[in-house]
Amino acid sequence: MDHYDGEENTDYRQQEDDWDRDLLLDPAWEKQQRKTFTAWCNSHLRKAGTQIENIEEDFRDGLKLMLLLEVISGERLAKPERGKMRVHKISNVNKALDFIASKGVKLVSIGAEEIVDGNAKMTLGMIWTIILRFAIQDISVEETSAKEGLLLWCQRKTAPYKNVNIQNFHISWKDGLGFCALIHRHRPELIDYGKLRKDDPMTNLNTAFDVAEKYLDIPKMLDAEDIVGTARPDEKAIMTYVSSFYHAFSGAQKAETAANRICKVLAVNQENEQLMEDYEKLASDLLEWIRRTIPWLENRAPENTMQAMQQKLEDFRDYRRLHKPPKVQEKCQLEINFNTLQTKLRLSNRPAFMPSEGRMVSDINNAWGGLEQAEKGYEEWLLNEIRRLERLDHLAEKFRQKATIHEAWTEGKEDMLQQKDYETASLSEIKALLKKHEAFESDLAAHQDRVEQIAAIAQELNELDYYDSPSVNARCQRICDQWDSLGSLTQKRSEALQRTEKLLETIDQLYLEFAKRAAPFNNWMEGAMEDLQDTFIVHTIEEIQGLSTAHDQFKATLPEADKERQAILGIHNEVSKIVQTYHVNMAGTNPYTTINPQEINTKWDKVRQLVPQRDQALIEEHTRQQNNERLRKQFANQANVIGPWIQTKMEEIGRISIEMHGTLEDQLNHLRQYEKSIINYKPKIDQLEGDHQLIQEALIFDNKHTNYTMEHIRVGWEQLLTTIARTINEIENQILTRDAKGISQDQMNEFRASFNHFDRDHSGTLGAEEFKACLISLGFDIANDAQGEAEFARIMSIVDPNRLGVITFQAFIDFMSRETADTDTADQVMASFKVLAGDKNYILADELRRELPPDQAEYCIARMAPYTGPDAVPGALDYMSF
């Protein structure tokens, strides 16, 4: 990167710093610089009959670079090397760099090697340094140079143009109007600037670039797309392009300046003469206007109405706002024109201008001073007079407003204060009226200040000699008279309300006391009547005795209750006395209660009538309960004997059926004797039934003298009869089973012992698990496997066909006797099987049915069917399984 150093180059050193920081960071900028720098170089190289295509490639040998410097500087450089070797190229580039350095530019961090190697960044930086030094450095406007001078030139040239605001060398040129304005300023015939639009930058840029190339010999260094397509165009490219415009127009500007000087000299005399004529006419007109205006401002004739004075003030404001400002400008312009004219005459070496007599600037200033003095006094007089009239109008309007408000407030107040509504009001209504009256008194006191203000305003209007004072005074007097009347009426109503309140408060206290005592007394009487008429249901002698005692206690309270009744009625009588004495108009009844003396007396008489009726009812119920108690004891004495007797007999029968004393015949005889004794006990049961019927007829539902009910006795008696009958039947069945199966007494005793051992709850039955354990103890092989479960299920189907889940001793005996008999039958059937099978190892079921008794044949078939082998003949029993 190149850097300039030295005093003469301080103007654009900062520009190089910017380039070094930003260059090539944005590809769009690099593209713009390549295009612009290439076009700029070719604009000079074409004078030597050549050009470049690629800026970093075509300058690598240094030949075109040296040629470019010779063209733009007009000087001859050292003779270049014509060899093609790298050393020759480096030598040529160094000669170019040395020439640049000889022009006061100090090159830093750049060497011939980078240029020869085609370093694009270094090559662009070197070309930018050349452009700065030979195209921009010498631009100077008002002692500025380089970038600032070029920017100032652009700003001045484009200042008159709408929508053009040149502040920099990047975004200020994006819309293209800046380029078009520069061309139009110097060559207006080339561009119709009025048709250009700010929102069409592509058209603007293409127009400027095409016109510059065609008519101004400025090559097209950028395309419109390069500028519009980037957010911030490259500053170096824009500066390079704009500098070409500057150089193209600099010659034309010098010719224009010379022509302007000649025209200016010719126009000065004509302008000075015109200024003299204008001054004379303007001075005469201004003095005439002042002369006419001062008398109007000095007129102090007052007006009688505010409207007339306001019109004068409005005329004066129009004078200040509309008529005087143009004259102020004329006076100022007159002085400016005079001073300008004198200056121009002095610069033109001509004698000073002397106005006509009385039209000097001093004469005009003196006349203007008199105008302002009259103006000031007139304004002060207007304001004072308006303030005076405004004060009067304000006071009169204020009086009317306050009087109207007060009269509106007092409307109907006298009628309200004279009302007698308190005579028929209740205490709460009286208190509300008092509160309302107190609020009115507060409101009345608050309006005292308004009445005083009304009187004060009327007095002030009289002192200021207000034209309508008589009507004001008459209205003020009416207001004051009415105010005194309101005060008197307010006091009278307050006293009447307070007097009525005291009477009603006394009555209210008596009403409240009456209500406080009447309510509980009334409740007591209602409760007493309810209790005296209450139907009662008792079941014991103790309950009726309790009711009688409570009734006696109630009768003892009647004298004291009668005293309370007399006291309550006395309170009511006192209220009636006050009403009659003070002629109080009672609007209603007691607000604290709905109870009245008549109601109290009526209920009291009712209570007195109900007391003897209650006495008779209690006596009758007491007699009935005594008879019920006798029936309870009579039933309990028998039930307490019969209940234990039945329980004892049940236990004895259970022991007989379980114990194994004697033979089955002995047990049967013993049980039949028990049955006879039980049947002989039936009359006592019947007698108890009769006593129970009497209790039911008397509606007696409980009996504390016994825990036995008739239902218990009935159930126990029926169970006793059923148990003795069932037990006798079981013994008879056991005897039949023993005889039919040939079971010995020892076997029977063994069976009973085993059954009783596992009947742990002595219920006379075995559960399934108890029965299973009993069978195992007797030698049955019931294993805990599938086969054992199947065997036990078969046995349960025999002993418990109804699936009740319990096994009686009879079912147990039947099964044991059957199993014992089955063993012998099986041996016989096995021997017969061998005979019937012959040389076969199986026998058909039909063969068994032909040869065996039906019961044995079916038993064998049913028992052995589950064990038939899988290979057996269908419908047959094989020998091994059998």
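Including glycine, each Cβ sits where the backbone N, Cα and C put it.
What TrEMBL says about this one:
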{"type": "COILED", "residues": "265-292", "note": "coiled coil"}
{"type": "COILED", "residues": "430-464", "note": "coiled coil"}
{"type": "DOMAIN", "residues": "31-135", "note": "domain 'Calponin-homology (CH)'"}
{"type": "DOMAIN", "residues": "144-250", "note": "domain 'Calponin-homology (CH)'"}
{"type": "DOMAIN", "residues": "746-781", "note": "domain 'EF-hand'"}
{"type": "DOMAIN", "residues": "787-822", "note": "domain 'EF-hand'"}
Residues of the same chain, at least six outside the coiled coil (430-464), with any C-beta under 8 angstroms of its C-beta?
391-392, 395-396, 398-399, 402-403, 405-406, 409, 413, 421-422, 472-473, 475-476, 479-480, 483, 486-487, 490, 493-494, 497-498, 500-501, 504
For the domain 'EF-hand' (746-781), how many residues does DSSP put in helix, in strand and in coil?
23 helix, 3 strand, 10 coil
For the domain 'EF-hand' (787-822), find every same-chain residue at least 6 residues outside the stretch whose CB is under 8 Å from a CB in it, and list them.
730, 733-734, 737-738, 740-741, 743, 748, 751-752, 755, 764-768, 771-772, 774-775, 778, 780-781, 859, 866
Excluding the flanking five residues on each side, which residues at least 6 beyond the ends of the domain 'EF-hand' (746-781) place their CB within less than 8 Å of a CB in that stretch?
654, 657-658, 660, 664, 734, 738, 788, 791-792, 795-796, 799-800, 805-809, 812-813, 816
Can you break down the domain 'EF-hand' (787-822) into helix, strand and coil residue counts using DSSP?
27 helix, 3 strand, 6 coil
Helix, strand, coil: count each for the residues of the domain 'Calponin-homology (CH)' (144-250), based on DSSP.
68 helix, 2 strand, 37 coil
